[in-house]
Amino acid sequence: MENGKNRNGRPATFGSNVGSTLAQAARARTRRMLASGVAGMLGWAVPDAYAQRSFDGPFVTGSKASAADTSVIATATRARAPGHDSFATGARALAAGANSAALGTGAWAAGDGSLAVGVAAAAHHDDGVALGAGAQAKGEQSMAAGTLATARSSSSTAVGVLSSATGAASTALGADASAFGDGSVALGSGASAIEFDAIAIGVAAQASADQGTALGAYANAAGIDGTAVGAQAAATGAGSTAFGAEASASGDGALAVGSGASAAQFDSIAIGMAANAAADRGTAVGAHANASGMDGAAVGVSARAAGVGAAAFGADAAAAGAASLALGQSAVAATDRSVAVGAGAHATAVNGVAAGAGARADGVGSTALGAGARASADSGVALGARAQAHGSRSIALGGDAAAGGDAAASLGSGASATGTQSVALGAHAVASGANAVALGHGAIADRDDTVSIGAPGRERKLAHVADGVLPSDAVNLRQLHAVARRAYGGVAAATALSMIPDADVGRTVALGIGTGGYMGYHAVALGASMRIGANLKLRAGASLNAATTWGAGASYNW
């Protein structure tokens with residue numbers, strides 16, 4: 001101050017005494033030092049900074065800076081801090097709200113307690129925070145941090161270049177991240193959470209349905225309540241879940257777990273690398289397992305269930321028919337209601353059953369039970385290791401048993417019934433004739449309509465045979481002995497009758513007696529002969545033994 005003027009050339013005002021005048025001068029010097037210090041911290045030169053009010057009022061510095069309220073600071077060209085306890089610094093900066101701060105060229109802090117930092121940063125509502133060039137905090141208590149970040153709704157948060165939080169209480173973190181739905185969360189570069197309470201975490205992850213969750217790079221949760229976890233995982237069905245890289249759950253309520261797993265239909269389940277459940281309520285468990293039939297289940301590496309309600313359990317097991325079952329490695333149930341149980345078992349015909357390693361049921365309604373058993377004709381039954389039933393309605397029971405004729409039956413290890421309706425009963429019994437029956441170990445019935453209980457050189461006795469009654473009944477040795485006794489007695493009686501002498505020539509009547517024997521049987525005979533005239537002779541006799549024998553005769557001579 002010189003010659004009664006201050007440094008601005010204005011007349012100096014003195015108090016009523018020298019003390020008050022010195023005090024005012026001291027306060028003015030202090031305000032100037034404060035303005036210079038703030039400007040220095042910000043790296044600005046502040047020529048002729050000044051305060052328009054007392055030290056208890058506003059502080060402004062810079063060309064055309066202004067502060068309209070008390071306890072405010074405005075620095076730099078056209079900076080304005082009209083709000084109570086506000087602070088503005090930077091060209092055209094505006095701190096309009098109470099306790100607000102605007103720092104940077106064109107920064108704008110409009111709400112009470114708001115903060116805008118950066119070129120053209122703007123905090124529009126109370127307690128908003130905008131940090132970064134072009135950052136926009138448009139909702140109450142919102143926060144936008146990063147170049148061109150935007151927080152549009154109350155309590156929303158956007159952090160990252162071009163990030164956007166549109167929904168209330170939404171959060172977007174990462175470059176170009178977007179949280180559109182209320183309560184949604186998007187974390188990661190390009191992540192997008194579009195609907196209510198949606199969560200997208202990962203590069204370009206997207207949750208586009210209510211309460212959807214997408215975790216992982218390019219993960220996609222498009223179904224309501226859907227969850228996709230893993231790089232490029234996709235849960236597009238309502239309530240669906242996909243876990244694993246490129247896993248896909250597109251059916252409502254579907255579950256896909258594993259890299260490349262796919263559950264495409266309602267309530268379907270696919271668990272395992274590249275597992276595929278392509279039908280409603282289908283279940284595929286295991287790497288490359290495939291359940292393409294409705295309500296089907298495929299469990300095991302590369303297991304396949306193609307029929308409705310089909311089930312395949314085991315590596316490479318296949319159930320192709322409706323309601324079919326394949327259980328075991330490489331087991332195949334190819335037709336409706338077929339069953340294959342055991343490694344390599346095959347049931348290829350409707351209602352066929354094959355159980356045992358390598359067993360095959362190729363006929364309709366056929367059954368093959370045992371390792372290597374085979375029933376190739378309709379309604380055939382093969383039971384036992386390597387048993388073979390090749391005839392229609394045939395039965396082979398026993399290891400290596402074979403029934404080749406229609407309606408034939410072989411029972412016993414190695415038994416063979418190749419004739420139509422033949423039966424072989426016993427180990428290695430053979431019935432090759434039609435309607436033939438071979439009974440017993442090694443028996444051979446090689447003629448049609450015969451029954452054999454042995455074989456050449458291996459004949460057997462048939463014991464405990466009852467007496468035959470009807471003409472077609474078999475007879476036993478007791479009955480044969482009775483016949484023999486009668487026959488032997490008859491021979492003896494005939495011999496005895498033949499031994500009676502005739503009447504001599506010239507005699508009229510002759511009486512005689514005779515006896516005979518045969519095979520230990522004996523007989524006695526009485527007889528008479530009579531000559532009637534020269535030309536006629538009569539003869540009669542009777543024999544007594546176990547039975548009575550008689551005879552009579554006549555002769556005429558000339």
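For all residues, glycine too, the Cβ spot is worked out from N, Cα and C.
Feature annotation from TrEMBL assigns domain 'Trimeric autotransporter adhesin YadA-like head' to 81-107 (among others).
The domain 'Trimeric autotransporter adhesin YadA-like head' feature in TrEMBL is assigned to 109-135 (among others). Distant neighbours of the domain 'Trimeric autotransporter adhesin YadA-like head' (109-135): 83, 86, 88, 93-103, 141-151, 154, 161; these residues of the same chain sit at least 6 beyond its ends, with a Cβ under 8 Å from one of its Cβ atoms.
Marked as domain 'Trimeric autotransporter adhesin YadA-like head' by TrEMBL: 137-160 (among others). Within the chain carrying the domain 'Trimeric autotransporter adhesin YadA-like head' (137-160), a Cβ under 8 angstroms from the stretch's Cβ atoms is held by residues 111, 114, 116, 118, 121-131, 166-177, 179, 182, 189, all 6 or more beyond its ends.
Per TrEMBL, the feature domain 'Trimeric autotransporter adhesin YadA-like head' maps to 165-191 (among others). The average pLDDT for the domain 'Trimeric autotransporter adhesin YadA-like head' (165-191) in the predicted structure is 97.
With a cut-off of 8 Å between Cβ atoms, the residues of this chain six or more beyond the domain 'Trimeric autotransporter adhesin YadA-like head' (197-219) that come close are 179, 181-191, 225-235, 238, 245. If you look up TrEMBL, you'll see 197-219 (among others) marked as domain 'Trimeric autotransporter adhesin YadA-like head'.
If you look at the domain 'Trimeric autotransporter adhesin YadA-like head' (235-261), the same-chain residues 6 or more away from its ends with a CB under 8 A from one of its CBs are 209, 212, 214, 216, 220-229, 267-277, 280, 284, 287. Residues or ranges marked as domain 'Trimeric autotransporter adhesin YadA-like head' in TrEMBL: 235-261 (among others).
Annotation source TrEMBL lists domain 'Trimeric autotransporter adhesin YadA-like head' at 319-345 (among others). Mapped onto DSSP helix, strand and coil, the domain 'Trimeric autotransporter adhesin YadA-like head' (319-345) counts 0 helix, 9 strand, 18 coil.
Look at TrEMBL and you will find 347-373 (among others) tagged as domain 'Trimeric autotransporter adhesin YadA-like head'.
Nonlocal intrachain contacts for the domain 'Trimeric autotransporter adhesin YadA-like head' (375-401), taken as residues 6+ away from its ends with a CB within less than 8 angstroms of a stretch CB, comprise 349, 352, 354, 356, 360-369, 407-417, 420, 427. Residues annotated as domain 'Trimeric autotransporter adhesin YadA-like head' in TrEMBL: 375-401 (among others).
For 403-429 (among others), the entry in TrEMBL reads domain 'Trimeric autotransporter adhesin YadA-like head'.
Feature annotation from TrEMBL assigns domain 'Trimeric autotransporter adhesin YadA-like head' to 431-455 (among others).
Beyond the domain 'Trimeric autotransporter adhesin YadA-like stalk' (462-494), the same-chain residues lying 6 or more positions past its ends with a Cβ under 8 Å from any Cβ of the stretch are 453, 516-523, 525, 543-547, 549. Annotated domain 'Trimeric autotransporter adhesin YadA-like stalk' per TrEMBL: 462-494, in sequence order.
Residues of the same chain lying 6 or more positions beyond the ends of the domain 'Trimeric autotransporter adhesin YadA-like head' (347-373) and with a Cβ under 8 Å from any Cβ of it are 321, 324, 326, 328, 332-341, 379-389, 392, 399.
Per DSSP, the domain 'Trimeric autotransporter adhesin YadA-like head' (81-107) is made up of 0 helix, 8 strand, 19 coil. For the domain 'Trimeric autotransporter adhesin YadA-like head' (319-345), same-chain residues at least 6 beyond its ends with a Cβ under 8 Å from one of its own Cβ atoms are 293, 296, 298, 300, 303-313, 351-361, 371.
Distant neighbours of the domain 'Trimeric autotransporter adhesin YadA-like head' (431-455): 405, 408, 410, 412, 416-425, 462; these residues of the same chain sit at least 6 beyond its ends, with a Cβ under 8 Å from one of its Cβ atoms.
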